[in-house]
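To start, the structure under review is shown below, and the notes come after it.
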């Protein structure tokens, strides 16, 4: 990362790491501030003055410690993408990083966040003064003033990436991607990552997730298929507009409705679309995980007819691919364009299926691959996700309409299993 | 489009149109030169001198005629993306285009191709002097000299897109996307299109396409499944390295092998990978069109069990979606990342399946949607595609190993139908 303080570097680092983890690429953030805090937990602005020799020495030592840990991580843990979250604000510093990585056989991609929009900077400063461990226990106004002085100290020596650094692979995100400059991208992974970064925005918004209402197949415990809603599922479809309202819609918010191409999600969103006039989109990529030869069977039938497959799926549910069908890993791959479009979009309500919802949820909540396929997503429940600077907030709203449970614990084949106690 | 002559504008226009057509978006190129040639078929460089009032008048008239046809196309033919292929090299001209489109309710995306790499420019000049209708019948050396003078005349007034035009949505491709500047992209389509453009390169290369060798399912006329190669299919797999060599491999070329995740393509590429040491990648997106409930049936059985579906598929094969399966349209959507990666890549040999191969072929050869699903792709045949400035060259190499035919003419359900006479 490259950029002055309060330019969203940590936010971008965190999102990039979450995205990479989600597509299965081992990634880790190395935050130089964390290393610096080991020796200097509460520095004031003077510590960052380029004329302060001792401060500079301490900051350089922190950078070296972070880079050295990073190289060790690449070597010992087979890391793929390390994100060095720091200002790296001079050409000399970037050359040092570039050379050090090159000598270790590691490619460098500089991601510079440039921002001259006062509103965004002020918003970030407010964020920092209340959340940074550097300012714990300090009067927020004093913290904000000190942080502004810190930024000024960085500005004294800051050099943006320019013509002299043409030989580097880099991307400059200017005012949260309203302008993007991309230089010398060579490989597939960088190209995907840069495309992801150029889609990011920081406008406040929420994303709502719902499964379809209870379907005829749910009643009989069959998986897959393309059945209609049950009467209770239809009641959920009718209740959805009020449930969405209850969850809190920002004033004048424009919401877009996304469904899969299967009848049960389209039927579930039908009344919501009719009552609100919201724009509606059907995505094939939101269709349920394809269960191949097991489509339209119950778990009991699968356990009986394909006992080995059933056991293999329990063993590694994320990677298990149904014969002639898909794995969770496959679903994540086809959901990637959905995630890209979600990042570009503002308010969206997605009505989709259990496995697909788990995958989308895992992206936003950073759920590991061995947990996401077992996550409990009851029917007739609306989830509201609101991205914040350091994570995603989640709220759940239950419609008061009974439905069968479609959750199955590891090692069982129950048709309608109760959710464990404690689940809302 | 924006840029001096010989900066690849027409090449980019043509590729963008082909890409858009392939993903189903009605697009058309309006080339101002074509309009200008109606009155001035063979202008010399002096015609383009900004001091030449008559020349300027004629060129302005051509631009106006093109824009007026373009607006009519939007209105009357429901066009989605029009590409105005011209130099549009001054701010005044761009403002006029922007305002004219805005008044008609049309968004503008300026795509500027900037190039100061002498080698690329010379290559483009050579291309023009031999192919441009402006220079038909002229001595190539005289044509090249005149064209250089024409460029000089444009340079006198050329204004690159800069800070003054920040309010426009634009992308600048600098030296064939070694640097890309993206500004104010707002909608999904622009974002996809810009991602496509930033992946383009012009290095010479070829793409080889092959179906898997004859499979056990092919022998019995069954579709889908995940069967092994037949003995003749295995013979094709063994013959593939020599067949590839016979097709002509550029010296020291690095070739990458792509297969689907199904056994028959992996087995087909096995010997090629082992003998050459080429890197191998398996893509789920290259798996055969999913035939849903019809998987593992013969065409006869499908015609018998699902007569209405069989007829519907013949009626509109591109859009017909197998029950619980996919249509050609669905396959194109999941192949989009493959096309993006193909554009980024150099030499690639793809071993895949009939329907998938048809879709990839349709992209490169600009085959319309009503034709591509009926295209004949015999087994045991290697196709070599070589992109050129104005289209894609195609060669076919047949291995001398018999195989069943899997082609089916409209309205028939023959298990092994002969290809029509005349097919190589």
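Numbers here mean position along the shown chain, with the first residue as 1.
Using the three backbone atoms N, Cα and C, a Cβ is placed for every residue, glycine included.
Database features (TrEMBL):
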type	residues	note
DOMAIN	B:1-204	domain '6-phosphofructo-2-kinase'
BINDING	B:211, B:212, B:213, B:214, B:215, B:216, B:217, B:218, B:264	substrate binding site
ACT_SITE	B:212	active site, tele-phosphohistidine intermediate
ACT_SITE	B:288	active site, proton donor/acceptor
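Features recorded in TrEMBL, as mapped to the structure shown.
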residue	record	contacts (Cβ under 8 Å, 6+ apart)
B:211	substrate binding site	B:351, B:352, B:353, B:354, B:357, B:377, B:379, B:381
B:212	active site, tele-phosphohistidine intermediate	B:229, B:233, B:262, B:264, B:265, B:267, B:268, B:351, B:352, B:353
B:213	substrate binding site	B:229, B:230, B:232, B:233, B:234, B:235, B:236, B:237, B:264, B:267, B:268, B:379, B:380, B:403
B:215	substrate binding site	B:227, B:228, B:229, B:230, B:233, B:264
B:217	substrate binding site	B:223, B:224, B:225, B:227, B:296
B:288	active site, proton donor/acceptor	B:224, B:260, B:262, B:352, B:353, B:354, B:355, B:356
Collapsed DSSP category at residue B:211 (substrate binding site): strand
Shell of the substrate site beyond B:211, B:212, B:213, B:214, B:215, B:216, B:217, B:218, B:264, same chain only (C-beta within 8 angstroms of their C-beta centre): B:227, B:229, B:230, B:233, B:268, B:379
Overall pLDDT for the domain '6-phosphofructo-2-kinase' (B:1-204), taken as the rounded mean: 93
CB contacts for residue B:264 (substrate binding site) [other CB atoms within 10 A, all chains]: 28
Structural state of residue B:217 (substrate binding site), classified by DSSP into three states: helix
For residue B:288 (active site, proton donor/acceptor), the three-state class that DSSP assigns: coil
